[in-house]
Amino acid sequence: MESIKVCMNALCGAASTSGEWKKGWPMRSGDLASLCDKCGCAYEQSIFCEVFHAKESGWRECNSCDKRLHCGCIASRFMMELLENGGVTCISCAKKSGLISMNVSHESNGKDFPSFASAEHVGSVLERTNLKHLLHFQRIDPTHSSLQMKQEESLLPSSLDALRHKTERKELSAQPNLSISLGPTLMTSPFHDAAVDDRSKTNSIFQLAPRSRQLLPKPANSAPIAAGMEPSGSLVSQIHVARPPPEGRGKTQLLPRYWPRITDQELLQLSGQYPHLSNSKIIPLFEKVLSASDAGRIGRLVLPKACAEAYFPPISLPEGLPLKIQDIKGKEWVFQFRFWPNNNSRMYVLEGVTPCIQSMQLQAGDTVTFSRTEPEGKLVMGYRKATNSTATQMFKGSSEPNLNMFSNSLNPGCGDINWSKLEKSEDMAKDNLFLQSSLTSARKRVRNIGTKSKRLLIDSVDVLELKITWEEAQELLRPPQSTKPSIFTLENQDFEEYDEPPVFGKRTLFVSRQTGEQEQWVQCDACGKWRQLPVDILLPPKWSCSDNLLDPGRSSCSAPDELSPREQDTLVRQSKEFKRRRLASSNEKLNQSQDASALNSLGNAGITTTGEQGEITVAATTKHPRHRAGCSCIVCSQPPSGKGKHKPSCTCTVCEAVKRRFRTLMLRKRNKGEAGQASQQAQSQSECRDETEVESIPAVELAAGENIDLNSDPGASRVSMMRLLQAAAFPLEAYLKQKAISNTAGEQQSSDMVSTEHGSSSAAQETEKDTTNGAHDPVN
């Protein structure tokens, strides 16, 4: 059975067993007050007293900005600072004026401890501890080092209190810790009375980050070590260190790569440079490195899912809603905040960001930061350019005064401790190792995002310069001059074989004149003058004018140059033109060979061939395993080099299939053309014959007194080409049917005629018989 929770706000008193409960101010028991969603949101936005305690007493105004502050209320105890001369000031004004003092800090055990008012107390506390172990722990464990400083004055009160909560530390200790501590734990008895206020811990270089999610066992709970030692101009204020952002909506924990890396100097610069942000508290939320698609013209910025759900308004429809975001100059932009369903999840984007990114002059690799101003609650969009020089300037070593972490920043006021004696060579080596690792990570963050390298195709245009480099390298190779080659003949071709490898020669320029004569020009290594040599001369890597034995007049560097500066430029240009023409001719030959083999490319990729004796020969292809001989898949059909290995006269199965298909296509094309030509010729001939027949019909002259026979058809016995074509186009079944009907009618007509003739003949015989009988009958 679930227990009923009651809101700790006396004016609310909402009770429920379910729902989202938020954490409020710390109590003496060590727990945090449980607030309902409404009260918790007001507490997180620092307007709790303005909403619920507006009519109560205890309200005072800030001496600097006249902001109303509720004194004596536990919900506003971290929102104000007491002045020594009387009065109160808000935490923002106190931070700007540098009047943040070391007040009483509320520990989780509910006890109040006195604060330290000077650096001498800090020095005395540090004297009672093992400083060697302290430095050892801080330098080896970068996760809990000074670089993990939190800017707690810019965080929400609920998150400030949550950092000190006992149950929160238990939850964090139960989770794995990514950091490995090689030093002892820091929870020693002298530190119990060294507790300081949360706000003064902001610039402490030993500030830990207990809210960071870890992956390995976490050491024992550690309290703040020292306070009041603000490293002005030190390494801590210059390095962009990832800091855990404030708690967002729900319990979503952001990955460390999205943590804001804004520094104290940048916050102060923003407050002083832009007046519209001077009266507001800037809370860094998260940041994102722009990808190529984010900085492109698509106008869409992909947001981390956890960040969008934690700090942006909740949306339930994919269309989203318009979101107003200000840039650091105060200009307001309206973006469409929406999401896309993606594998039972969501991908949140901001659409319409191209004008804003272009106004900031951002590109791929730059970082976009998102912050919130309090108490207005407006979203602010900033940026940080990615420059390689920034990361290098961060880590110049500890020789510079402003980067010496352990010489200026940690020197106590009493001067009893000599920090230089405590740092030995091994500690300095560890410091250098840590700085190198930080430099490497910073370089990884600021690297420019570009297109990934692709595999170069050897016959494509992408490697044109590479191929030229190969040809030039071939020109530099010379046969060794100390040995003589042995010549052997292979297939009517003479080859020179050397026992020693080739050597590199000097690069020369070859020029072809208009007459067809080729010249070789070489530059002296001593004087830089150009000398002309025969084409067949091979030069060593080092050559000077004194080596020019073929031309005694040019065998000295004091001899005048054979080419003027203008002629030298012409020579270089002609040499490049000569190489370009040679490369173009080789490419033309390659294209011609590819066109010639395009028809048989598939046949050349045949897998198997069957010989006359039935033996199977497998061609050299990129056939993958477990495919039997004769497989015709796309992988097995492709030869290793992408070109065919079969001859045009090959009779393998694939080659024959390709040739047969080609012959079939050509035959169909030829038959189609012949049929079209025949039909055109027949049509033209029929038209000509019809005209001739019409013109050649004889005129029938009727004699006087003769009548016209209307049943006669003068053209019935004449046969024309049109009637033949119509008869040929007449369907066969209809023709046979009509022929059968006509035959049947003719047979019936002939049978009727025979029966009629038979009847008439029998009647005539009977009449003749009667007549005969009557003639022979005697008269009675």
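Using N, Cα and C of the backbone, Cβ positions are placed for all residues, glycine too.
In Swiss-Prot, the Zn(2+) site is described by Cys524, Cys527, Cys545, and among Cys557, Cys650 the residue recorded at this site is Cys557. As annotated in Swiss-Prot, region 'Disordered' covers the listed stretch 577-608 rather than the other ranges in 129-160, 481-512, 577-608.
Swiss-Prot lists zinc finger for one of the ranges 413-463, 515-565, namely 515-565.
Same-chain residues with CB within 8 A of the center of the Cys524, Cys527, Cys545, Cys557 CB atoms, the Zn(2+) site residues themselves not counted, are Asp525, Ala526, Gly528, Lys529, Arg531, Ser544, Ser546, Ser556, Ala559. Across the DNA-binding region (286-387), DSSP classifies residues as 14 helix, 44 strand, 44 coil.
Looking only at other Cβ atoms within 10 Å, the busiest spot among the binding-site residues Cys527, Cys545, Cys557 turns out to be Cys545.
Taking the Cβ of Cys524 (Zn(2+) binding site) as reference, residues of its chain lying under 8 Å away and at least six apart in sequence are, in sequence order, Trp530, Arg531, Trp543, Ser544, Cys545, Cys557.
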